[in-house]
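Lifted from TrEMBL, the feature list:
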type    : residues                                      : note
BINDING : A:201, A:226-227, A:240-244, A:257-264, A:278 : FAD binding site
DOMAIN  : A:3-181                                       : domain 'Electron transfer flavoprotein alpha/beta-subunit N-terminal'
Ligand SMILES: Cc1cc2nc3c(=O)[nH]c(=O)nc-3n(C[C@H](O)[C@H](O)[C@H](O)COP(=O)(O)OP(=O)(O)OC[C@H]3O[C@@H](n4cnc5c(N)ncnc54)[C@H](O)[C@@H]3O)c2cc1C
Ligand SMILES: Nc1ncnc2c1ncn2[C@@H]1O[C@H](COP(=O)(O)O)[C@@H](O)[C@H]1O
């Protein structure tokens, strides 16, 4: 058995955390070959080659793959599929875009958001916003899956896998990239941060979200948000935590002015320690919080920031 | 241009899901079922395209049990023009896998020839996030998933997508598959007169067998279990107590 693992490469940079966690998730299945596709992947490939458990790194370097468009990327993966029993990727938005397309081209089902691998054919994944965990057996000849990395430890570095290039495919010319709007930030990345401070509708405005950001900066934390906070324009979409946003499992998660709807809990209930600040003592968030504070966030959060 | 919108009947998002004691699945008996929230957004977007003159007809399609009729009627009441029901199961607990759904939808697309398929990004029951991408693969079409903005210009659609790093805009050639994310729009409520009118709109029924598609699942469910539950911790009296706890934990 052999695994083709699609590395997360964005604008030439390897997402080391997601990729290394995915390696440790699939390492038990067989030899792991990592594919780095992108406009410029040399640096990413060298870094991926250091992940222990990786046997080989393949590079597909071409502007065609520079913006992770689904059509050419899926075609590339399918062209390399022969000989692999498993094709996997960390469950990022890029992979969720591409992997089902790969699976359908191979006439197999996709396994989305895998949280546990029992054996080569048996996988665990959350359903119903994490309110149930399904164990499924796949009868398909090749297993195509995305891996929810929050539950896996990153594989250590120190390896020295060989790097090889693969032929670049032709452009299906179905779509073109127009622009990326990415906010630069000095804060840690949300899904790999050790501490996350999230704000909800209770914050009330975009301006007041600064209270959350100040606490996060004091803690060296990433900033998250509920859907309601994003929908209301207090926070950008890429901060959303939940069933349909990002899934995080930091050492410490601080939920401020968030009621704790199941769709939000789906994205953070595996955090080690949860702290909730809410003025409503009945808020469901307190049912999952290790420490709760009932009161007005506009006084409590600045006080906390100051006292830390 | 014709727009095809696949809509799925799922457990209502407000229902507290219970896992059955025998571990075979979740309890669907007597629970409220609704249209998948992302599909409501997709239906809304299709109707808006029609209102703007970018689309002529909105056709909704659902695959599943007979009761999915209700879901289709809801979409018709919102403003879709006609509906297609493909019955593929008798037991409401049987979920049709995205690969089979995509194959059935492909058969419908071959017949209907839409210029755009607008689906939801994810069904909130199986949380697969796969059907649109699979359909695009089977058709050899372009895809723009997780859309928060869609603009049709001539034979292309410019779509803004919600991605991990922020927003990405792509231009896809039509025909295309677009999947709706939460912030694409806010779906309307159907008015009572429109609900009445929807009863008279055409709803065509077919079976998976009529379309010659094998819906045998590729994945078999071994078991369904409750997730590890979290216990409520303690309420603290003051910010100072919290600072203390965080220090004890060594997180600060
Ligand atoms: C298909 C679908 C997908 C979804 N996906 C997600 C998702 O991925 N992530 C997500 O978060 N949600 C998601 N939701 C939305 C979810 O159901 C809730 O609506 C949302 O999480 C509510 O956000 P909130 O807790 O910020 O707002 P609310 O529920 O309105 O809660 C605000 C809280 O702030 C408190 N508050 C107000 N003022 C103060 C104050 N001054 N001091 C202290 N506390 C205060 C209130 O007591 C209240 O508990 C989804 C919904 C659907 C239908
Ligand atoms: N049984 C179904 N009937 C109609 N549409 C469906 C069905 N299953 C999935 N879809 C569509 O595909 C989208 C994604 O579903 P999924 O891939 O199951 O998460 C949904 O939002 C629907 O638009």
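Counting begins at 1 with the first residue displayed.
A Cβ is built for glycine as well, from the same backbone N, Cα and C atoms used for every other residue.
Shown on the structure are the features that TrEMBL records.
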residue: A:201; record: FAD binding site; contacts (Cβ under 8 Å, 6+ apart): A:226, A:228, A:229, A:232, A:257, A:258, A:259
residue: A:240; record: FAD binding site; contacts (Cβ under 8 Å, 6+ apart): A:224, A:225, A:226, A:227, A:230, A:246, A:267
residue: A:243; record: FAD binding site; contacts (Cβ under 8 Å, 6+ apart): A:129, A:130, A:262, A:263, A:264, A:266, A:267
residue: A:261; record: FAD binding site; contacts (Cβ under 8 Å, 6+ apart): A:226, A:284
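Among the binding-site residues A:258, A:264, the residue whose Cβ has the fewest other Cβ atoms within 10 Å is A:264. Summarised as a single figure, the pLDDT of the domain 'Electron transfer flavoprotein alpha/beta-subunit N-terminal' (A:3-181) averages 97. Those binding-site residues from A:201, A:243, A:258, A:261, A:264 lying by chain B, with Cβ under 8 Å from one of its Cβ atoms, are A:243. In the three-state DSSP reading, residue A:201 (FAD binding site) counts as helix. According to DSSP, residue A:264 (FAD binding site) sits within a helical segment.
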